[in-house]
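Everything below concerns the one structure shown next.
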Amino acid sequence: MKSAKPKICVVGSLMTDLVFRVERLPQPGESMPGKEFGLFLGGKGFNQALACHRLGAEVTMVGRVGRDYFAGLFLQKLAEEGMRADFIFQDDEVGTGVACPIIDDSGQNAIIGIGRANMRIDLSQVEAAREEIESADVLMLQFEIPYPVSRRAAQIAKASGAIVLLDPAPIHNAGVLISEEVDFIVPNEIEARALAQSQPVELWAEAEVKAGRSGVVISLGAEGALVFDQQGRRQFPAFPVQPVDSTGAGDAFRAGLAVSLAEGKGIDQSVRFANACGALACTVLGAEPSMPRRDRVERFLREQEAA
Ligand code: RIB
């Protein structure tokens, strides 16, 4: 660690989630009544930053929102949580990003997102946050902001010795080159398949490690997580929970992984901690409320060991 507390910088998205709960996901062309509606703060970047903060890291979130009602909700939440907002840039012309997670009775989700202001963050804003990126132990990136912005942040982080962790979601950018600065690629199963293109996922992951990545960690939801690194391939089972809403569970998983790696823990211990974070996040409706706090995760891990 570069200082007493693990330090994480997230350069990523903030999206307001308009959540619809439904019995099952609709078919194309079908109109169906929903069961419940909720408005939650989300966006992969924001969820990961908030989760890292709640897990005990010192976090800087770098992102762009509009100058609208939704932006106000984010600024208020960051203040309530005691998080800095000095690298949340505001766009006068384009509104805050929005997403529409649809959650079925099994807790599964499908998400439509529109980046809006997130897609207007630019290189000058990454430069403005340079010192924050340079002093971080881990830089977390996703695919909800323009690729050149993420790439520049990764270059700055790498030059200062930070671990760069990429969540390649959403994967509309399939086939995009994952830059050499990325240490850990952390896709879900769908994203891993898209990145592997025509080859089997395992071969793709092994080739990434052979080419110099520190690791590929594939989150598998209820099946846990698969790790590929210099030690080979290992699967870590998920912790059993009653799922309510899996929106943001992947973000909690990635935050757990990042915080634990920033604390200097090994990958196996970090993935177990990440699995606990992801499991707990599935038990609460909405992304922001479901990001777990450190004491809850540690208690959960003790309960699981005792059981
Ligand atoms: O990973 C979950 C997040 O993805 C949601 O909060 C939604 O905003 C989308 O960006």
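FYI, residue positions are counted from 1 along the chain as it appears here.
Heads up, the Cβ atoms here are built off N, Cα and C, so glycines get one too.
Record features, source TrEMBL:
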- 6-292: domain 'Carbohydrate kinase PfkB' (DOMAIN)
- M15, T16, D17, G43, K44, G45, F46, N47, E144, D251: substrate binding site (BINDING)
- M15: site 'Important for substrate specificity' (SITE)
- N188, S219, L220, G221, A222, E223, G224, G250, D251, N275: ATP binding site (BINDING)
- D245, T247, A281, V284, G286, S290: K(+) binding site (BINDING)
- D251: active site, proton acceptor (ACT_SITE)
Spatially speaking, which of the binding-site residues N188, A222, G224, D251, S290 is closest to M15 (substrate binding site)? Use C-alpha to C-alpha, please. D251
CA-CA, which of the binding-site residues K44, E144, D245, A281 lies nearest N188 (ATP binding site)? K44
Which binding-site residues of D17, N188, V284 contact ligand 1 in the sense of C-beta under 6 Å? D17
Quick tally, other C-beta within 10 angstroms, M15, L220, A222, A281, V284; top of the binding-site residues is M15
Quick check on the binding-site residues N188, T247, S290: which one has the highest count of other Cβ atoms within 10 Å of its Cβ? T247
For F46 (substrate binding site), the number of neighbouring Cβ atoms whose distance to its own Cβ is within 10 Å equals 33
Over the residue list N188, S219, L220, G221, A222, E223, G224, G250, D251, N275, recorded for ATP, what is the maximum interresidue Cα distance in Å? 16
I'm trying to understand the geometry here, so how far is the Cα atom of V284 (K(+) binding site) from the Cα atom of D251 (ATP binding site), in Å to the nearest whole number? 14
Using the alpha carbons only, what distance in Å do you get between G224 (ATP binding site) and A281 (K(+) binding site) once rounded? 14
Greatest inter-residue Cα distance in Å for the substrate-binding set M15, T16, D17, G43, K44, G45, F46, N47, E144, D251: 15
Please report the number of other Cβ atoms within 10 Å of the Cβ of D17 (substrate binding site). 24
